[in-house]
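Note sheet for the following structure.
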Amino acid sequence: MPRPGSAQRWAAVAGRWGCRLLALLLLVPGPGGASEITFELPDNAKQCFYEDIAQGTKCTLEFQVITGGHYDVDCRLEDPDGKVLYKEMKKQYDSFTFTASKNGTYKFCFSNEFSTFTHKTVYFDFQVGEDPPLFPSENRVSALTQMESACVSIHEALKSVIDYQTHFRLREAQGRSRAEDLNTRVAYWSVGEALILLVVSIGQVFLLKSFFSDKRTTTTRVGS
């Protein structure tokens, strides 16, 4: 016969390990209502994306230019009837939240048509609707168990960690791009200075040589 209290201890251990296992499963990405894409936008180009959204759905569009030029891009969002919901010119990053007023296909475009020479790398995150509940009982009046409440808290914390990591990666990529661009400019400037110094040195050598060169004088006899 098991000793008194052993069942409670085993239940507590099982609960802790079950919560840990569920936390590990939450780390695996699953289906959701968000689309994250990083794409190349050439110069004089425009790229559009389309999303079917139901009426009353809350959506958020967030974008950031990672590399290229002045790190800016034009963004435009339209509803199914072509009405402009959001429009910004030459923005480095921004976020816009709206609620779909009707069913249909919504379009959002990124434009680099104002740039003639530089292409851009653009990241955007388009979130449609709310995440589904972790447990079916979340939508009911009944209270969650202690394990379910802990797992929900872990799930929310993990989502915050993922958001922070995404923003940190974007900042790191943008900072690396700026550093590489600055390094290239410094290298070109150093090569230019070296060439100028070489030309000046050669000019000085020829100038000094002309000062010490022998000048032959010619004499003319005048006959009487």
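Using N, Cα and C of the backbone, Cβ positions are placed for all residues, glycine too.
Note that the coordinates shown come from a computational prediction; the quantities given were computed from them, not determined experimentally.
In Swiss-Prot, the motif 'COPI vesicle coat-binding' annotation falls on 211-224 of the listed ranges 127-140, 211-224. Long-range contacts of the transmembrane segment (188-208) within the same chain, counting only residues at least 6 positions beyond its ends with a Cβ under 8 Å from a Cβ of the stretch, are absent. Other C-beta atoms found within 10 angstroms of the C-beta of Asn103 (N-linked glycosylation site) number 12, with every protein chain shown included.
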